[in-house]
C-alpha cells in the first residue's frame, strides 16, 4: 500500500513539475528582414505578423527584428548571432536570399533549444528544429499577368524582377504566360534590377518599361516603387507585395494579392511554448488553402467584364490540378522538360531563362564599336577570300608551291574564323553569342597557328637531315597532327562550356553606367574561369612551339622555304597582344573597353600575320614572275651539304673536282619542254657544291617518281649533257673517269631531290653512301 501511494505521489509530482515548467517557458521571436519594415510590402507584412503574434500571445520578453539585411551578408550573420545572444528561441529568416545562412546557423545550434522558420523551397533532413516556409508565388503572378493581358491598351506588358543571381525567372515567365492566355498577341518586356529592395532603381526601371509602351507592369520586388511609377504615369497599379495597396493608394491599385503571416507565427510560437515542435515540418501555402494568401477586391475603375474574366480564372486556379504557368508547351522552348502534364517542379523553380518574344531595356555596346569591328572584319574576310583564290589559281607558281598550297588555304580559313569571332564579340551578348565568340576565336587561332606550325615542322625535318635519310612526309601524314591540335582545343572548350554555366545576364553599376542603366554581359562560374585560363595556357604552348620551329628553320638556305622571319614576327605580335589581353581579363575593366581591346588585338595580329605570310609571296609573284615549274636554288652552304662534301672528298681522295649544276634549272614538270628553250636543253648541266636544287612535279609524277630509285632518276638526261674535258686513250684512266662520273651523278641526284614533291605532300630524299 505504501509503495502504491509512493508511485501516485511521484506521478503527481512529475505532472506538477511539468505544468509549472510549461507555464514558465516563453517564446522570444526574432525576425530577419531583407528590406525596410515600413516598405508597405513583403517586409512590412512579416514585421506586422511579429507584432500581432507578440500582442495576442502576451509575449515577454519582447520580440526583436533586424532590417536591411540584403545589403550585407556580414550584417545578416551578425543579426542571427545577436538574436541567439539575446535569448531568441524562434528565429524567422524571412528572405529566400538568406536560406543558406539560416541553415548554416541552424546547424551550428542544432543541439540548443532554438527553433527556426526559414523561407526556402526544400526541406533540410538533418535539422528537425527547422520549418521551411514557402508559398506558390507563381500562381499569384500568373493571375496578375492574366489581368494585365485583359487590361492593357497598348498590347505591351512589363515585369521588373531582381534577375539571375538573386532569383530565378519563374515568376517573370508565369506573369508572361498569364498575359498570353488573356491576349495571344501580347508583347512582353522584362527588366532586372539586381536587388529585391532598391526603390530608386525599381522606379527608374518601371519608367523605362513605360517608355517602351508597357501600360501594366508586374514585379517581384519587395516594395511598391514599380507600381508608383505606373500610377504616376496615369495607369493602374498592381498590389504585388502582399500589402493591401488600396489602404495607401486607394482606387489607383487595380488588383492585389494579400498575405497574412500572423497565424503562422502564432502556431509555431505555441509549439515552442508547449514543447511539441513538429520535426522536419514545412509550411507551404497557396490560394486554395486560404490560410495565408488571399486576393483583394477590384478597384471600381476596373471594367466589369475584366473583373468577371479574372474571377473565373481565379476559380480555375483553386483547383490545384490547373497550373497553366507550368504546363504551357512554350516552356519547352527554353529547355524545360515535362514530367507528365507539367514541367518538372525542380526545373521550373530553378529556371534562369526568359521565354521568347521578350524585350530588355538595356544599354547596348556603342554603335561605333559594332560598325567599326564589323566593317574591318568584313574587309579582312574579303582579303582572305581573294588570297585563297590566288593560292588556288597559282598553286603551281614557285613561291606558292614551296609553301604547301593546302596548308596556306587552311591558314587563311583559320583567319576567316577569327574575323567572324571578332564580329560576334562586338554583338550584344546572348547565351549563344557568349559561347560562340570564344569558340570561334579559339578555334580560329588553333587552325591558323596549328597549320602554320605543322607546315614548317615538315620543312625543319627535311632540311635538318645531315645523313640524307629517306623521308617521305606527305600531307596525309601531317593532317592527323593538325587534327590532334584542334581536338585538344575542342575538348578544353567543351569543358569550359559544360562547367562554366555561360549565360548573358543584365547588370547594373558597370561601365560607368548610372544606377538607372543596365547592360547585358557574359558571365560564367568559377569553374568556367579556370577552364578559360587553361585555354590560354594551351594557346601559349602553341605559340612557344611555333617560335621554336621558326628558329630551327633559320638554317634553311632556300629562300622560298625559309619563313622564319614572317613567322617569328607574327608570333611575336600575337604574344605581345596576349600579354595585353590576359591582364585585361583578370583586372576586369569596363566591359566596353575589354571588348574593344580584344577585338582590336585579334584584328591587328591576324591581319598583320596575313600580310607578312602572304603579302611578300604575292609581291614576289608580281615582281619576279610566277616561275612555273622551276626548281629552287640556293647560294649558301647548309650544314648537311658541308657534311656531304666532306664525305665525297674523303671517298674520292685527290680525284678530279666535280663540276655540277650551277644556277641552271633542272625541270621535271610536264611542261618542261615548253618552258625550257632549245638553247637551255643543249647547255651542259654543271654542279656547284655551293648550290642546292629542288624540284616540284604534278600529282601524277609525284606518285610515279617515288617508284624510281635515284640512279634511274635522270641518269640518261645528265649523261647526254655532260661534256668531258679530257678524253684519254688510256683504258685505266678512262675507267677512273667513269667511276668519278658515276659518283658525280649520285651527288647531283641527291641534291636535286633535296626537296621533293610538296604539292601533294610527297617528300622523298634518297640516301646513298657517296
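A Cβ is built for glycine as well, from the same backbone N, Cα and C atoms used for every other residue.
As annotated by Swiss-Prot, coiled coil applies to 715-760. What Swiss-Prot lists as compositional bias 'Basic and acidic residues' is 676-693, 730-740. Under the heading N-linked glycosylation site, Swiss-Prot lists 24, 185, 260, 286, 319, 344, citing sequence analysis as support. Per Swiss-Prot, region 'Disordered' is recorded for 639-740. Sequence annotations record features per position, and here Swiss-Prot assigns signal peptide to 1-22 based on sequence analysis. Among the features that Swiss-Prot reports, topological domain 'Extracellular' is placed at 23-370, 427-442, 505-528, 587-594. What Swiss-Prot records for 392-405, 464-483, 550-565, 616-770 is topological domain 'Cytoplasmic'. Annotated transmembrane segment per Swiss-Prot: 371-391, 406-426, 443-463, 484-504, 529-549, 566-586, 595-615, in sequence order.
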> By a Cβ-Cβ criterion of under 8 Å, what residues six or more beyond either terminus of the topological domain 'Extracellular' (427-442) are in contact with it?
Replying inline: 353, 364-365, 370, 417-418, 420-421, 489, 492-493, 496-497, 502-504, 520-523, 532, 535, 539, 602
>> What whole-number Å value do you get for the CA-CA distance of residue 286 (N-linked glycosylation site) and residue 319 (N-linked glycosylation site)?
In response: 11
> Within 10 Å of the Cβ of residue 260 (N-linked glycosylation site), how many other Cβ atoms are there?
Replying inline: 15
> Going along the chain, which residues six or more apart from residue 319 (N-linked glycosylation site) have their CB under 8 A from its CB?
Replying inline: 288
> What's the CA to CA span in angstrom from residue 185 (N-linked glycosylation site) over to residue 344 (N-linked glycosylation site)?
Replying inline: 27
>> Counting Cβ pairs closer than 8 Å, which of 371-391, 484-504, 529-549, 595-615 has the most of them with the transmembrane segment (443-463)?
In response: 529-549
> Of the listed stretches 371-391, 406-426, 529-549, 595-615, which one has the most C-beta pairs under 8 A with the transmembrane segment (484-504)?
Replying inline: 529-549
> Which residues of the same chain, at least 6 past either end of the transmembrane segment (529-549), have a Cβ under 8 Å from a Cβ in it?
Replying inline: 438, 442, 445-446, 449-450, 452-453, 456-457, 460, 485, 488-489, 492-493, 495-496, 499-500, 567-568, 571, 574-575, 578, 582, 585
> Rounded to a whole number, how many Å is the Cα of residue 344 (N-linked glycosylation site) away from the Cα of residue 260 (N-linked glycosylation site)?
Replying inline: 29
> Between 185, 286, which of the glycosylation sites has the fewest other CB atoms within 10 angstroms in the structure shown?
Replying inline: 185
> Three-state secondary structure of residue 319 (N-linked glycosylation site) from DSSP?
Replying inline: coil
>> Is it possible to get the count of other C-beta atoms within 10 angstroms of the C-beta of residue 344 (N-linked glycosylation site)?
In response: 14
>> Let me spell it out: take the transmembrane segment (371-391), skip the flanking residues so only those 6+ beyond its ends count, and list any with a Cβ under 8 Å from a Cβ in it.
In response: 400, 405, 408-409, 412-413, 415-416, 419-420, 422-423, 425-426, 599, 603, 606-607, 610, 614, 618
